[in-house]
Amino acid sequence: MPFLAAYILIVAFFAGSAFGSFFNCWAWRIVHHESILHGRSHCPACGHPLGVLDLIPVFSWFLLHGKCRYCNGKISPRYVIAEILSGAGFVLCVLRFGLTMETARAVLLFCFLFVLSLVDLESYLIPDRFILAILALWAVTLPMILREQAMTAMSAMENVTENFGALIGKGYLLGTVSGIAVGGAMLIISLIFDRVTGKESLGGGDIKLFFAAGLYLGAAGGLLCVMVSCFIGLIFAFLMRQERIPFGPSISAAFMITFLFGDPVIRWYLSLLGV
């Protein structure tokens, strides 16, 4: 039903943009060492608590012409851009997986990567708590996703239920090996680059994030993620025109793009090789 599908996507966008507003606040408080549990949202310039009309995702920024209603200070367009991107991320997750368990997993992964990226943009640091959250999400949801895939394949695999325990073990093993392979490869490459150029290329958080990408995406998907992240990083560097740029947002964007749309690209490439 086109109307129902459109309604679901609209709800997904506004839910995502609302979360994006919260993510902006969360990231700002992490960077400034403030608790997310205490205190109301406030203007970063004058500190005045924000009212309901100031916190409507996307619309408030345009209605206020990008300024605080209390001190008339300029509000960075980063906030509304983050809200729009967060809404778009939720929509893409729903478009890719529909209303399934995989969608919930994709949305949670997107949330962690999004906040992580906002923090890295401000502080050039990737907090370990988000890497651990991403790893925990993988560990907890892998059996659920494998069971969903196994139930879909029941007609072709009569003994899938009997072998489900082995299937889970294999999933954990392959994911861990892929994560180590992708993260380890990037660590070696960064060490060589640092040695040759005398400059730091990747931080420890970037390596950990590549490891997490390997867990979710596998070796082939992890390699695709590396290539896409480098491409996005080049565009990001060109747009920002700074000597030093955080790489976490580029890795996160590539991670999510590959998670959502990497399989068709990998299958197409393997078909060219006759595999």
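In case you wondered, yes, glycine gets a Cβ from its N, Cα and C as well.
Nobody curates TrEMBL annotations by hand; they come from automatic prediction.
Note that the structure is a prediction, hence the values are computed from the model and not measured.
Looking just at the domain 'Prepilin peptidase A24 N-terminal' (15-97), the mean pLDDT is 80. Taken from TrEMBL, the feature domain 'Prepilin peptidase A24 N-terminal' applies to 15-97.
For 79-99 (among others), the entry in TrEMBL reads transmembrane segment.
Feature annotation from TrEMBL assigns transmembrane segment to 106-124 (among others).
The domain 'Prepilin type IV endopeptidase peptidase' annotation in TrEMBL covers 108-237.
Residues or ranges marked as transmembrane segment by TrEMBL: 130-146 (among others).
Under the heading transmembrane segment, TrEMBL lists 167-193 (among others).
Tertiary proximity for the transmembrane segment (213-239) is limited to same-chain residues at least six positions away from its ends with a CB under 8 Å from its CB atoms, namely 109, 135, 138, 174-183, 185-186, 245, 247, 249-251, 253-255, 257-259, 262-263, 265-266, 270. The transmembrane segment annotation in TrEMBL covers 213-239 (among others).
If you look up TrEMBL, you'll see 251-270 (among others) marked as transmembrane segment.
Outside the transmembrane segment (251-270), and at least 6 residues removed from its termini, the chain residues within Cβ reach (under 8 Å) are 89, 92-93, 96, 106, 109-110, 113-114, 116-117, 206, 209-210, 212-213, 216-217, 220-221, 224-226, 228-229, 231-232.
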